[in-house]
Amino acid sequence: MVENEQLRQELRRCEGELQELRAQPLVPCEGCEHSQESSQLRDKLSQLQLEVAENKGMLSELNLEVQQKTDRLAEVELRLKDCLAEKAQEEERLSRRLRDSNETIASLRAQTPPVKYVIKTVEVESSKTKQALSESQTRNQHLQEQVAMQRQVLKEMEQQLQNSHQLTVQLRAQIAMYEAELERAHGQMLEEMQSLEEDKNRAIEEAFARAQVEMKAVHENLAGVRTNLLTLQPALRTLTNDYNGLKRQVRGFPLLLQEALRSVKAEIGQAIEEVNSNNQELLRKYRRELQLRKKCHNELVRLKGNIRVIARVRPVTKEDGEGPEATNAVTFDPDDDSIIHLLHKGKPVSFELDKVFSPWASQQDVFQEVQALITSCIDGFNVCIFAYGQTGAGKTYTMEGTPENPGINQRALQLLFSEVQEKASDWQYTITVSAAEIYNEVLRDLLGKEPQEKLEIRLCPDGSGQLYVPGLTEFQVQSVDDINKVFEFGYNNRTTEFTNLNEHSSRSHALLIVTVRGVDCSTGLRTTGKLNLVDLAGSERVGKSGAEGNRLREAQHINRSLSALGDVIAALRSRQGHVPFRNSKLTYLLQDSLSGDSKTLMVVQVSPVEKNTSETLYSLKFAERVRSVELGPGSRRTELGSWSSQEHLEWEPACQTPQPTARAHSAPGSGTNSRPGSIRRKLQPSG
């Protein structure tokens, strides 16, 4: 009894706790497996309820569709009734017309048969008889016409009757077809309604069964969850403590993350600095190797005696115009100053020369590249520098320049004077200058009394094989002022004209010949060096330049002489036995510079604009061919002399020139240029 009482008390206590648990709202615990199952079951229950709602919606849609089909069936029945009524009316109308036709036929048959024509010979006795006869004939003809008309009407009525019968048959066939289609649609609709009803009932039963099973499972799971809730409280306390510990750790996580980021950034920055330093070192080594390679190449070219070729690109000017034809078609290699790229007809073409100057290069930059050759003239070498390119490409600017920014010619003489002054204690030098031009295959003296006088090229009588021009005026220059006066006088005598391509187009090849003779004061060693500075006239297309008359003849001579220069270069490049130097005055005069006893450099001037890409391509191809020509190492012209007499320090020219006097000079086609006589008196010829 005591045990029973204890059990009853325990049972009452459990029932009280159970009621309390039932009274308390269910609070889902986080991360509980049973709560997740319960939520899943609730989701399934809601999904089943949604499916039931969808099935009800589908059922209502099917009922609506059945109602619509029933309405359509009623409309079809009404239309069928209307068609039957119309058919009955049509049959009645046709029957009336048939009866009328039959009556008409009967009446026509009841009439007097048609009068047959009987031709008899009747003697006419009186006028009344004749008149009656004519009336009878007229009435007879009229009756025949009526009979024909009635026959035609009868045929038409018969045809209409046949058409009515055919229409009746067609209407009956259509009515039968409509009735069959209506019955078939009605049967299909009944079958669909029955199948939909069955599907609906089956879906409802299945959904209800599933819902019952799932609800039973939910109740069972809920009972298990309630049982597990009592056992999960200690675990929940443990999880809460762990959560609080993790929360404290997370508060300190941003500081740890910032510290880690700072250390990683420092390591990355250090790595980037190391990579940059390595790249700079590699770039420095690459540039040093490039300079070394270029130096070795230049030394090899010097030993072989190749013609050195440099290119200069003039800037785009306003004379080039605007639009697509005035766009820049020339680009440069940022890492190699010997490469030039040309975009010709949409295709890039690259050329490699000894040096390439961009449009931003100054006159001093160009001169620094050639001054080593110029100083070798003092040591007794023959040097030739000539400018090549199309008209308007800037050849004259590079060679002569302007008074404010002189070109190679004046800078070369200034450099020679500075070198002579530095060696004045050991050497005594004499510098003479001559200027000539080849105009229409005629060699003319730009510093002589008669600039239009025709000169010839001869071999020196001393047997050295060198060429000279008898009668060519030579002026001894001793200062920069003398140089400026010589250049001014020679420039005014040179032939220039206006063309479509160049406002001051050079119409002749200009040659500045500088001879440097030196004597070593201690040994008596004599050296003779010659510097030929050539400004070639520009090649031009007659169609572009608009040359006519004298300008056209000048352009033909210029192009012919440049073509002869190309033939000489081709012969030298292919090492032919015969080189056609004498095909032109230009090539004949440059024979000493191109035959292996001289250091030669060509400055090719090109235009960067799109409309001149054809001429630029030709000039650069010609420059590459010239660069491959090997002339052999240049030889130094020296001779030993005695220091016992003062006459060894003086130079006597082989050909004595007359004393020039002040006078007016004119060039063909360029007008008359008057120069004051003081220039002639100050520039006294040597000898």
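Positions of Cβ are set from backbone N, Cα and C atoms, glycine also.
Annotations in TrEMBL come from automatic prediction, not curation.
Now, the feature entries from TrEMBL:
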type	residues	note
COILED	4-111	coiled coil
COILED	140-206	coiled coil
COILED	265-292	coiled coil
DOMAIN	306-629	domain 'Kinesin motor'
BINDING	Gly389, Gln390, Thr391, Gly392, Ala393, Gly394, Lys395, Thr396	ATP binding site
REGION	634-687	region 'Disordered'
COMPBIAS	678-687	compositional bias 'Basic residues'
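Within its own chain, the coiled coil (265-292) is flanked in space by residues 335-336, which lie at least six positions past its ends and keep a Cβ under 8 Å from the stretch.
A simple way to gauge crowding: the CB of Ala393 (ATP binding site) has 27 other CB atoms within 10 angstroms, across all the protein chains here.
Taking the binding-site residues Gly392, Gly394 in turn, the residue surrounded by the fewest other Cβ atoms inside 10 Å of its Cβ turns out to be Gly394. Over all protein chains present, the Cβ of Thr391 (ATP binding site) has 26 other Cβ atoms lying within 10 Å. Per-residue pLDDT, averaged across the coiled coil (265-292), gives 83.
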